[in-house]
Amino acid sequence: MSETRLFVGRIPPQATREDMMDFFKGYGQILDCKLMNGFGFVEVEDARDARDIVNDFQGKEFMGSRIVVEPARGERRRRENFRESAASKYPRPRRTGFRLIVENLSEDVSWQDLKDVMRKAGEPTFTDAHRENPGAGVVEFSTEEDMRNALTSLNGEVIKGQAVTLREDPDAANEPLPEVPSRFRSRSPPARRRYRDDYRRGGDYRRDAYRPGRDDERRYAPRGEYRRNNRDEYRRGGRDEYRRNSRSDYRRPHDDEYRRPRGDEYRPGRDEYRRSRDDGRPSHDDEYRRDAYSRSPSPRRDREENRSPAYEGSKSYSAAPEASMESSAPTESYDKPAASEEQQPLQNHSDVGNGSAEGQVAAEW
């Protein structure tokens, strides 16, 4: 494995080899740059330049995508092994108190250009340009000796057409050193921690406050004893006591105080009420109703006798058919006008005949 060969991942598809060369420009001499489908390899001349590229470009945005920069490991990159060994071979940039303030910077000077110039005096660990104040920058060195060397040798150095001024920062020794994540370059702000990471690591909430509370609760009511004792008590005693005491006490007043007096006191009163109420009318068991029901029914008449004499089929209808017709004759004679004298003898003769006929019918009846 070469310490000067770097792997670059998550490269946008529209990026070209010239774009990669311009992106890493200012970090020493680039010997080779190979661009493939979504990743590539960059080889520099000096191992220190390779280390700076890893520290400064890891997670940096390139043409709309955050790239991954790691030391190359053959044809395949092994990120797990890199994380274990990168701390020793490629330590992250550290913030020190050996800081110089650079003034009169050109607008075209970047932090990469400033860092390349400061390497002439020593090993810069952190550089920044135009971040807080336009036209000013900051440089930190790993040792105080490198800082003193840069202050004496590079003060007045011309960078992109302007001579810069270097002076020591008096407040650098009193400021606390910020913690910089290893994934990002030193001049970038630290990444925000996620609540999920604190939750997985077991923060104060879970370890100190919440879990002891659960342990205390479980210490009073273990899971096994709760199932063995409480549930058994509920099944054996608790449930039986509830049924025997609560529900039986609830039903006992109805059985002892309400229902029993109802059978002994209320029903006799109800009988007395009925007897007093029935005084005004005969009861079902009085003598009048017994005599009425014991009386023999009236004799049944024959249907033939009850029929009308004019009803066809009756005995009276067949016995005197002529009598009924003759009885209607005088009625018809009364409706007629008065007869003449020649007809009166005949009418008297008929009357005699009718009288004899009526007498005969009466005798037969």
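Keep in mind that glycine also has a Cβ here, set from the backbone N, Cα and C atoms.
Looking up SER276, SER283 in Swiss-Prot, the residue bearing an annotation of phosphoserine is SER276. Just one residue in SER246, SER294, SER340, SER356 has phosphoserine written against it in Swiss-Prot, and it is SER294.
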